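Engineer: One structure coming up, written as structure tokens, with questions to follow.
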Amino acid sequence: MSIPQPVDPTATDAWKKLESLADTFQPNLRQWFSDDPDRGASWSFDAGDLMVDLSKNLVNEQILSELLALAEETDVLAHRDRMFSGDRINVTEDRAVLHTALRRPEGERLLVDGTDVVPAVHEELSRIFDFARKIRSGAITGVTGRRFTTIVNIGIGGSDLGPVMVYEALHPYVLEGLECRFISNIDPTDAGEVISDLDPETTLVVVTSKTFTTLETLTNARIVRSWFLEALRENSVSFSEAEAISQHFIAVSTALDKVAEFGIDPANAFGFWDWVGGRYSVDSAVGTSLAIALGPENFAQFLAGFNTMDRHFAQTPAEKNVPLLMGLLNVWYTNFLDADTHAVLPYAQYLHRFPAYLQQLTMESNGKSVRWDGSPVTYDTGEIFWGEPGTNGQHAFYQLIHQGTRLIPADFIAFASPQFPFKDGEADMHELFLSNFFAQTKALAFGKTIEEVRAEGTAEEIVAARVFPGNRPSTSIMAPALTPSVLGQLIALYEHLTFVQGAVWGIDSFDQWGVELGKVLARELMPAVEGDYKALEQQDSSTRQLIEYYRSHRQ
Ligand SMILES: O=P(O)(O)OC[C@H]1O[C@](O)(CO)[C@@H](O)[C@@H]1O
């Protein structure tokens, strides 16, 4: 089924009304909270186990109603339904977008081109789970009969960021005695550091690449394969190469023919489908290292969490639909209040890679300048996502969020229960931590007036420097604890709010042509880098000078 032409959002009535509202907009969170003592509750929403408090955003009923009208006029919910039902909404690659099918419960049906895709998803999942159980129990061992203790995932982008982030986030769920390591960068340091103290006899390598053509991943996989064979020899193990590789190397890909070309038996590979984008793939076979480390039951809970948020997004009325509301607020900030960036500040050290994960999810999805019919956009798209865990960020960049000249909407994420219930004397350490979480959004929203600063007896010459303007927007997301299910819900929340923004902007959030040119040029430049004089001469003066610098300084 072909997809309708995108709507130019600037041509809608809602866009025009939002522009005129923004022209005269004077947010006053202090006033709004004092006028409406229930603002906290009335602007908070449940989505699965997440409690999402939107009350400290720069939004009122009138703006919200225009944002919802904008969603209607740009057909966002119809587009959502197209995604869920497998229409080819990835127009520039002519593909369906069905990461949501990866977490559908067994027994549900989803027909794509006449085939129900859900049974295949569960078939592959059972193969992965069966394999994971055998690794965890020691039923499958390395070539010398020793149990696997280290899983090395080699992948990049979506084949790395998701597994790393989830492994870090769910560390308490990792099986004792098992460790995952990750190699992504083609900088030789990455592989070098990871393998430096590895025992080849207890190492399982998972080569993860959707396309199985990615230069970084295939280069790293070859390097690790050579290291592995050499290290086994150094251990005086007698083995057949083919057997050792087949016991220690598995692959995850949609391109099983290429897996075979690389030298990994497709029987040792787990697959997924072209309707899963790389940055949406952590819940596919790309999570194999996680299924092993966390165990099938926890991985199943993780998937169930995604599904909870999928159902919320698919079924909840617009005015309570959290991904829709958060996505629309981001449009409000980006297109009407001129925000360029968006901070994500987890008050959970375990989520320290979450902002990096979201950077690929949001920026590879929505960093586009043409709509899905090729027409140029005339408005900003794709916010720049960034962040670090609190409280570390507080002692680094929060200064700019509180008192700088830029508007930076920020998402704060926290969990009620800690993993480590430490006490510092009488004080509960988690409560000290969460007091910071509560304090920051309060300070951002309500600031500190000049009168308040003066009333503290501050010397007049530094009064201005100590004023906090307030009205700095934040969203607070809380959940009982960081469990596999809650993490799945959180990821799906951001997947869907990214979708909402892309749908309003009329862009294809599921292609990534912008990463191609650099890849091609890197390949073309290799001869010049290797010293081919003619190739070097053809370069522009800057590139030539940089390569010459490299060649004259390389030791
Ligand atoms: O899984 P692959 O095919 O190796 O691709 C890795 C990453 O490269 C990209 O295509 C961008 O270069 C991402 O979208 C993707 O997640």
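Even glycines carry a Cβ here, placed using N, Cα and C.
Quick paste from TrEMBL:
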- Glu364: active site, proton donor (ACT_SITE)
- His395: active site (ACT_SITE)
- Lys519: active site (ACT_SITE)
Engineer: Rounded to the nearest Å, what's the C-alpha distance separating Lys519 (active site) and Glu364 (active site, proton donor)? Just drop the number here, would you?
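Structural biologist: Between the Cα atoms of Lys519 (active site) and Glu364 (active site, proton donor), the distance comes to 15 Å.
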Engineer: Between His395 (active site) and the residue listed as 'active site, proton donor', what is the CA-CA distance rounded to a whole number of Å?
Structural biologist: 29
Engineer: Excluding near sequence neighbours, so keeping only residues 6 or more apart in the same chain, what lies with its CB under 8 A of the residue listed as 'active site, proton donor'?
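Structural biologist: Looking at Cβ-Cβ distances below 8 Å from the residue listed as 'active site, proton donor', excluding near sequence neighbours, one finds Gly157, Arg279, Gln512, Gly514, Val515.
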Engineer: Cβ atoms within 10 Å, counted per site: which of His395, Lys519 has the most, among these active-site residues?
Structural biologist: Lys519
